[in-house]
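If you check Swiss-Prot, you get these features:
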COILED    484-511  coiled coil
DISULFID  Cys318-Cys380  disulfide bond
REGION    65-224  region 'Spike head'
REGION    248-479  region 'Spike body and stalk (antigen domain)'
REGION    389-409  region 'Hydrophobic'
REGION    510-775  region 'Spike foot'
Amino acid sequence: MASLIYRQLLSNSYVTNISDEVNEIGTKKTTNVTVNPGPFAQTGYAPVDWGHGELPDSTLVQPTLDGPYQPTSLNLPVDYWMLIAPTREGKVAEGTNTTDRWFACVLVEPNVQNTQRQYVLDGQNVQLQVSNDSSTSWKFILFIKLTPDGTYTQYSTLSTPHKLCAWMKRDNRVYWYQGATPNASESYYLTINNDNSNVSSDAEFYLIPQSQTAMCTQYINNGLPPIQNTRNIVPVNITSRQIKDIRAQINEDIVISKTSLWKEMQYNRDIIIRFKFANSIIKSGGLGYKWSEISFKPMNYQYTYTRDGEEVTAHTTCSVNGVNDFNYNGGTLPTDFAISRFEVIKENSYVYVDYWDDSQAFRNMVYVRSLAANLNDVVCSGGSYSFALPVGNHPVMSGGAVTLTSAGVTLSTQYTDYVSLNSLRFRFRLAVSEPSFSISRTRMSGIYGLPAVNPNNNAEYYEIAGRFSLISLVLTNDDYQTPIANSVTVRQDLERQLGELREEFNSLSQEIAVSQLIDLATLPLDMFSMFSGIKSTVEAVKSMTTNVMKRFKTSSLANAISDLTSNMSEAASSVRLTSVRSVGTVTLPRARVSLQVSDDLRSMQDVSTQVSNVSRNLRLKEFTTQTDTLSFDDISAAVLKTKLDKSTQISQQTMPDIIAESSEKFIPKRSYRIVDEDTAFETGIDGTFYAYKVDTFNEIPFDMERFNKLVTDSPVLSAIIDFKTLKNLNDNYGITKKQAMELLHSNPKTLKEFINNNNPIIRNRIENLISQCRL
């Protein structure tokens, strides 16, 4: 049936999320571990998985073979092999340190007898004696001179068929490959000044880091890999590699989008969070041997620090949630040491730190999205506290430690003595650390966690470093600061939208086709089908459903169900959570309703008031005992679905309120019926009550005792066609006993037959119910 949407919302209405905990932290500091989820609950807590998102990686990944580069003159970087790959004979490269070393490398083709060849070296024409006896290998010859006017002499040779040679500057030396491939090896020959030695290459070359010397040796002896495996297909200028390192701006304001009035600003900030715990130690009256309470308290802390050369004034508020209560009792005598209650934070606890500073990022923190943070961990270690007894040695509680790890960030408001500040609430999960805490001269020892007795360990503060990022919608005029009080306009705008939407919803009632409504009321509408027809929200069904469930949890229907089942933990644990229809056989709700009915009938003198209160509970019983008959909730859900599809003003913001409000206000004048053989009992929320025979519709006296017993054992039915309508129908048209029973049980097929036959009495009744679906 269509009321499945309400059942699904109820089954998920007990899910708790982080925003609930954030809203309740100010009023509920201690969290009880006991959870009573109710018969419709699927889980106690929603899965929450916080992450820091993508982090920039500063790791430098160097290619093994960097190049090829175009022929050029450069100051070769230290600890890099310059692998030269000439394509023809002649001068390959030359270099100098401009003082006492000039060196040159030439390439000689195979089968060259001892001969004189002319080369241009250091700007001069030079005659050099070269030769190459090999018929297959090319020969690299290294020449060196020690003075500007000196003569080049042969220093080393490398024979290879691959036409590859390499040298490197390292430790004020020049390293070079010599010998013959495939057994060529590196060696050094020169002592030079690395800073002032330039190299001029007449051929394409590659750069290989010194850490990859083994790979360079492999290239020299075996040749380069195929060209498509190298980094640059087309040789580039070496200057393209010499890009200056630019330090990223850690704290920056980036304009994401901008219009004439508004702009989106992304604020990236480094942050230093300093906080401290506060505690309260209360001593009991009497002889002075007992303490009543040691507890955590919220603590405000203000400080300044330097961020990117700017002094920042920050304000933090530290509070805890989910504390664990411990106690120690040394005996029953008045002089026995005892602590009635002392708080300890452990793995199941959370620490909240609200942070605000006077930077630009917090000036207009009203409309915020894409909030993220990345923070370091911090260890909080407990100190010692001596319990001063009137006589005897003083017990000392000492030790205890926890590690705080970032678990998320949300928006919050800090309330100081003077102002309220829109701030960031950083949520930390805890892990216990060494050492454990103990109370000396007692048996209490080896307990892990951080007790409230001295959580700061006499330190001025705890400090956490990190960074956060957020995108805020601010006015284009930077001189205008959005007042914090203006944040209430968000709700005011929502109320205005809801008002307009209510008017539209109420006006749509007359556009609903009665026959189609019955068909829709018999469909099992789930949350997806309920929302999928709304424009621009198909992609957002998941997030919208979450918001609707959160709002529905506070509706009067959800609260009534919660009250009805507050003492049903055993029944709740036996309910199959995979199907809402499995709730149809609960016995305890019936007993509870019966007990409530009995109490009402005995305690109240006004029968009309009795019946009105009973009828309200009968709706809850009908809701927990789903049948195949049509109910008021089926009709209200069908009307809601129809109006949602027709509405032009529905939105994700207004949807939660509309869904919850429809469950409370649609069809306020309801009547419920219990059929006992040939007798029907009918009661209304407005206080009306009838008892009549089902075959003649003749009214009979209302038997309270009989009705009270039937409430426990008989199913409750929605009186879609109430007693007055049935009697009018029978008097004017005449109906068979079978039709009467089907109308009494709100059979949708029979109802549709009467509507399709244009029966004015039935049609007017359904139209009256539709008109009651108002907000």
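Placed from the backbone N, Cα and C atoms, the Cβ positions cover glycine too.
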Per residue, counting other C-beta atoms within 10 angstroms of the C-beta, which of the disulfide-bonded residues Cys318, Cys380 reaches the highest number?
Cys318
Are there residues at least 6 beyond the ends of the region 'Hydrophobic' (389-409) whose Cβ is under 8 Å from a Cβ of it, and what are they?
18, 48, 50, 52, 287-289, 335, 337, 342, 344-346, 350-351, 371-375, 377-383, 424-442, 447-451, 453-454, 464, 466, 468
As a test of reading the model: what is the averaged pLDDT for the region 'Hydrophobic' (389-409)?
92
Counting each residue once, how many in the region 'Hydrophobic' (389-409) are helix, strand and coil under DSSP?
0 helix, 14 strand, 7 coil
Could you find out if DSSP has Cys318 (disulfide bond) as helix, strand or coil?
strand
